[in-house]
Amino acid sequence: MQIKKLLLATVIAIVLILLFIFDLHHYITLEYLKSSKLKLNSYYQDNPLLVLGAYFVVYLASTAFSLPGAAVLSLAGGALFGLTAGTLLVSFASTIGATLAMLIARVLLRDWVQNRFAAQMKTINSGMLKEGAFYLFTMRLLPAVPFFAINLVMGLTPLRTVTFFWVSQLGMLPGTLVYVNAGSELGKIQTIDDI
């Protein structure tokens, strides 16, 4: 088990180092998306499977490692793939990524999450005891609770992984639809607040 934790920590560290070395966070901004929309659409037309796969992996990884940029990536899904395909891609990439983040917290970051969110864990444990999966569903519907925090703290609960997955899939779907639809209307959006 120790080797698995070390391997996982190494992979996470490599991903984060690569993000900073290659300055990749600049590519996940609304400004970059708007200025590159025509170029990205052209590349998608020429290489649809490559773009679909790369988009899915980038979204999944950014969610799994709790990196910022989900809103812009969701907008990009709508801008590049349209409402239907964009919603499917974002929904599954975000849910699989969230599930991986929850498992990372459960296996690797348990002590850190417990210390970082100690006060919140009392409320969450109480809510999970009373409401079960419905508590997670409600948290997914409330935009006031950051999804990365939900993913991490749910790793400390006894909630089964498969339950976390399907409840997250359903609970995040309304927000996914809003952002992907907004992305399909990208020309009208000036800031994230316009959504």
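Glycine is treated like the rest: Cβ placed from N, Cα and C.
Annotated features, as they stand in TrEMBL:
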- 71-184: domain 'VTT' (DOMAIN)
- 6-28: transmembrane segment (TRANSMEM)
- 49-76: transmembrane segment (TRANSMEM)
- 88-113: transmembrane segment (TRANSMEM)
- 134-156: transmembrane segment (TRANSMEM)
- 162-180: transmembrane segment (TRANSMEM)
Review point. Can you name the far-off residues of the same chain, 6+ from the ends of the transmembrane segment (162-180), with a Cβ under 8 Å from a Cβ of it?
Key: 71, 74-75, 77-78, 83, 86-87, 90-92, 94-96, 98-99, 102, 133, 136-141, 143, 147, 154, 195
Revision key, fill the gap. With the cut-off at Cβ under 8 Å and a gap of six or more residues from its ends, the chain residues touching the transmembrane segment (88-113) are 4-5, 8-9, 12, 52, 55-56, 59-66, 70, 73-74, 77, 81, 147-148, 150-156, 161, 164-165, 168-169, 172-173, 176, 179-180
**Study point:** Close approaches to the transmembrane segment (134-156) from elsewhere in its chain (Cβ under 8 angstroms; 6 or more beyond its ends)
**Key:** 63, 66, 70, 98, 101-107, 109-110, 113-114, 116-117, 120-121, 124, 127-128, 164, 167-168, 170-172, 174-175
Review point. How does the model score the domain 'VTT' (71-184) in terms of mean pLDDT?
Key: 92
